[in-house]
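Taking it in order: structure first as structure tokens, then the write-up.
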Amino acid sequence: MYLVAGLGLTGQSVLNYFASQGEPCYALDTRPEFDTSELEKAYPDVAFATGTLPTQWCGKIDSIVLSPGIAKSEPWVKHCINQGTEVIGDIELFARAAGKPIVAITGSNGKSTVTTLVAEALKEAGYAVGVGGNIGCPALDLLTHPTEFDVYVLELSSFQLETTYSLQTIAATVLNISEDHMDRYLALEDYIQAKMTILNNTELAVLPLDFERVGIARPGDEVRFGLNYAEALPPKEYGIVMKNGQAWLGWEDHASVPVTAMAQQGLHHQLNALAMMALCRPFDLSDAVFEKVLKTFKGLPHRTQVVLEQEGVRWINDSKGTNVGATVTAIESIKETLDGQVILIAGGVGKEADFNELGQAVVQSCRQAILFGQDKAIIAQQLPQEKIQLVDTLSEAVLLAKTIAKSGDAVLFSPACASFDQFKNYIERGNAFEAFVQQFIANEVGGKS
């Protein structure tokens, strides 16, 4: 008998999948206050429990389907493992049943963007594409979807990969590694190891050029991507091909799309595009497909999204910047495009991360860093004291940034932290930032967003 543990979106997708397969199961949510009444109506044949695992179930459970938010290190989960119970996740169930080519993407930053780019390119080439995992719908919902998909494109988090063992992919990538989720992992190496499992059974590993530097072991069959510039790149390398003095995205000696044709300019956007091209290598897509996608793709919400330009100041929502690596990348990318400097708004739940790298970026590129939220004082200890100011709330941070910013500057909201001290998630947090910008800046003088 299966136990579905965790009844959020992922757990509910597992219940739906089991119902479609006629598979009996138990269902547990470890939150004592969780209301199961609606789920009990939807799944009358399932026994539900909240809080702790009922002792009468223990001898009947062969396999636990663990939601990503529940760690395998939880005492009750470890006890079940020690008793010989299989512990898997929804992605493992998906892998066992998919039966179609899968492209899988993980990394500390850029996962959603690259996943979307790959999906858009394959759709443009005529494939029916199912997109899910850590983006959009849970992966198992793709299997019960009425569309008969030709290929699946999955964004996967380290939490999902912890409980995935038999995923076979036509192409897979670890886009990058930077410290994240140190409140869940004992060491950075554990986080890296979880990410690396995505490459265990792939036909094509797509890796950044600096993968050895970030501690990733070399797999067997691979292509690499990075910002090398050459008239002809080495075999199986994606980068910037120089042609008649112009920079093109391409591979080896093939110039595919001129950099100037991209709707999004900036080095990290070029890296995302190159990763997308490399992941599409098994499908042999045309240059015309790549160019159309990159000409029209303007980015995802809450990811270095310009929400207002007024009086020479650019206001940017990067609420999805939930770790130090993402925020440093955003600062560096945006600073390239400015005549002035960056005013950074950051803070929230720091997840026990090391913020020294952020401190270096603040020194080099920021006029000021405004910190708010639960861990602002902890973060402040690792940043240059002459460049930081502390406030309690995001609204206060926006008002303060307004007084500091000068023409040519950008106010970058890239928290480098999780959101759940003051917000439900990064989306609610980003929407709040945009609302404050409209309220305090745009509406005050009739600016246009």
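The backbone N, Cα and C atoms fix where each Cβ goes, and this holds for glycine too.
Feature annotations, reproduced from Swiss-Prot:
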type: BINDING; residues: G107, S108, N109, G110, K111, S112, T113; note: ATP binding site
Residues lining the ATP site besides G107, S108, N109, G110, K111, S112, T113 (CB within 8 A of their CB center) are I105, V114, L175, N176, A326
Cβ neighbour count (10 Å, all chains) around K111 (ATP binding site) is 24
Judged by other C-beta atoms within 10 Å of its C-beta, the most isolated of the binding-site residues N109, S112 is S112
Within the same chain, the residues at least 6 apart in sequence whose Cβ is under 8 angstroms from that of G110 (ATP binding site) are L175, N176, H268, L271, N272, A275
For the binding-site residues S108, T113, the largest set of other C-beta atoms within 10 Å encircles the C-beta of T113
